[in-house]
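TrEMBL annotations:
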type: DOMAIN; residues: 151-427; note: domain 'SAM-dependent methyltransferase TRM5/TYW2-type'
type: BINDING; residues: His240, Asp278, Leu279, Asp306, Gly307, Asn338; note: S-adenosyl-L-methionine binding site
Amino acid sequence: MLMVSRLKDLTIITNRLRHYFRNMDAKELQPPGSVRGMQELQREQFRKSVQVPRLRLPESQVQRVMPLVKKFLLKMEHLHPVRAVDNFREILLHPTPVKNWESLPTEDLQKREVTAENFSFADLELSYENWSANEILKSVLPTEEEGLTSYSRIGHIAHLNLRDHLLPYKQLIGQVLRDKLPNCRTVVNKASSIDNTYRNFQLELICGDPEYQVETKENGVPFEFDFSKVYWNPRLSTEHERIVKLLKSDDVLYDVFAGVGPFSVPAAKKGCHVLANDLNPESFRWLQHNAKRNKCLPNIQMCNKDGRQFIVEELREDLLKRLRTTDTTTYDIHITMNLPATAVEFLDAFRGLYKTEELAQLPENVCYPTVHVYSFAKGENTKELVRQLVESNLGASLDENLLHGINFVRNVAPNKDMYRVSFKLSLNLLTTLKEVEITRKRYAEEELQVATKVKCV
C-alpha cells in the first residue's frame with residue numbers, strides 16, 4: 001500500500017510538472033537576443049513579434065472550452081490569454097505543449113463543437129512589459145557568469161549585494177527591479193562589508209528615491225526603521241520566529257544585541273519579560289518606537305549600552321534578583337546574542353559574573369539561563385569551527401551544557417556559514433573566571449606587589 005501511495009504521489013507530481021511550461025524554455029517567447037550585454041536599459045529594444053497557437057471561438061463557447069485548455073494557456077506578464085478580436089474570442093496557447101491541433105484534447109473539444117478549423121497561429125506583439133524581472137535580467141546579463149541570484153525586500157527598498165562582474169550592469173538591474181517589483185521605489189547595493197561600530201549596511205543608491213525609512217512586517221509583527229542607519233536582514237525572519245516560538249508567556253528574555261527588536265518585540269508581545277539592549281543609538285530609538293507601536297511597553301525595558309557593559313550591569317542585576325526571589329522552575333530564562341561577527345567575544349563576560357557567595361543560597365533546582373549565541377565560520381568544517389570559537393571564548397567545553405545542538409542558520413558566502421549555538425549557563429560558569437582571566441589577574445597582582453616593594457625601598 002505504501003508503494004502504491006508513493007507511486008500515486010509521484011504521478012501527481014509528474015503531471016503537475018508536465019503541465020508547467022516556463023516561458024524562457026520556449027525560444028520564441030524569450031526576449032530578443034540583441035539585448036544580451038545591454039548596460040543602459042532601452043525598453044523599446046525588447047519589442048518582438050511572435051506566432052503562438054490559438055483557438056478562435058464565438059464568445060458563447062469560451063466558458064465551455066476553458067476547462068479543457070486551462071493548463072495550456074499562455075501566461076505572461078501583462079498579457080490576458082483570452083482576448084477579443086472582432087466579434088470573436090482568441091484563446092492564446094503556450095507553444096511548448098501545443099505544436100498543432102493534435103496536441104489538444106481533440107475528442108473533448110469536438111464534443112463542444114470546436115474543430116481543427118478553430119485552431120490556427122496568431123501574431124503576437126511582445127514588449128518589455130511582458131517579461132518578469134528575472135526573465136529580463138536572464139536575457140541581458142552575461143551567460144558565462146553567475147547572474148543575479150537573490151535580493152532582499154525591506155518595505156519599498158530592494159537591497160542587492162552585487163558581485164564585481166555585475167557592477168557594470170547595476171543601473172540596468174536597479175531600473176528593472178524598480179519597474180517590475182510591486183511597490184518598489186528604491187534600489188540600493190551593499191557598498192562594502194559591515195565593519196563599522198554599529199553594524200549597519202553601507203549603501204549605494206543605484207535607482208529610485210533616497211528614502212530609507214521603511215515599514216515592513218516580519219512574522220506578522222510590524223516594524224519601522226531607517227534602513228540606512230540600522231541592521232536588518234529579512235533572511236533571518238525564520239530564525240527570529242524559531243526562537244520566539246521557544247518562549248512561553250512569562251519567560252524572560254535578555255537580548256544583548258537587540259537591533260530594532262526582531263527578537264525582543266515579538267517576545268514582549270507574547271507576554272515575556274524582556275530586557276533589550278543595543279549600542280547603536282538609532283537602533284535603540286527604533287527599538288523603542290517598535291515596542292510602543294506594538295503596544296508591548298509594559299513587558300520590555302530597553303538600554304543603549306555596549307553589550308559587555310549590559311551583561312555585567314543590567315543583566316547581572318536583573319538575573320540575580322530573579323534567581324534569588326522567584327521560583328525559576330516556573331519559567332525559562334533565555335539570552336540572545338545575535339551579532340554573529342563578534343558575539344562570541346562577549347561570552348567571557350558570563351565567567352565570574354557573580355561571586356560564589358552571591359549564589360550560595362539558591363535552591364538546588366534553580367533554572368539557569370539558556371544562551372543562544374550566533375557566529376560566522378569560514379572554511380571546510382564550519383560547524384566544528386563554530387564550536388571551537390564558542391568554547392575558546394567561553395573558556396569551557398560545551399559537552400555538558402549544550403542544548404538543541406549546533407544549528408545551521410544560513411549560508412552567507414562561499415564556505416562561510418552562520419550558526420546558532422544554544423547552551424546552558426551553570427553555577428560553575430557564573431562564579432568561576434576563565435583561566436586566562438585568573439592568570440592575567442595573578443600576573444597583575446604580582447606586578448603590583450613588585451611595584452609596591454620597589455616603592456617601599
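Heads up, the Cβ atoms here are built off N, Cα and C, so glycines get one too.
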Sorted by position, what residues of the same chain at least six away from Asp306 (S-adenosyl-L-methionine binding site) have a C-beta under 8 A from it?
-> Leu279
Gly307 (S-adenosyl-L-methionine binding site), number of other Cβ atoms within 10 Å | 21
Recorded S-adenosyl-L-methionine site residues His240, Asp278, Leu279, Asp306, Gly307, Asn338, farthest C-alpha pair in Å = 22
Where does the mean pLDDT land for the domain 'SAM-dependent methyltransferase TRM5/TYW2-type' (151-427)?
-> 94
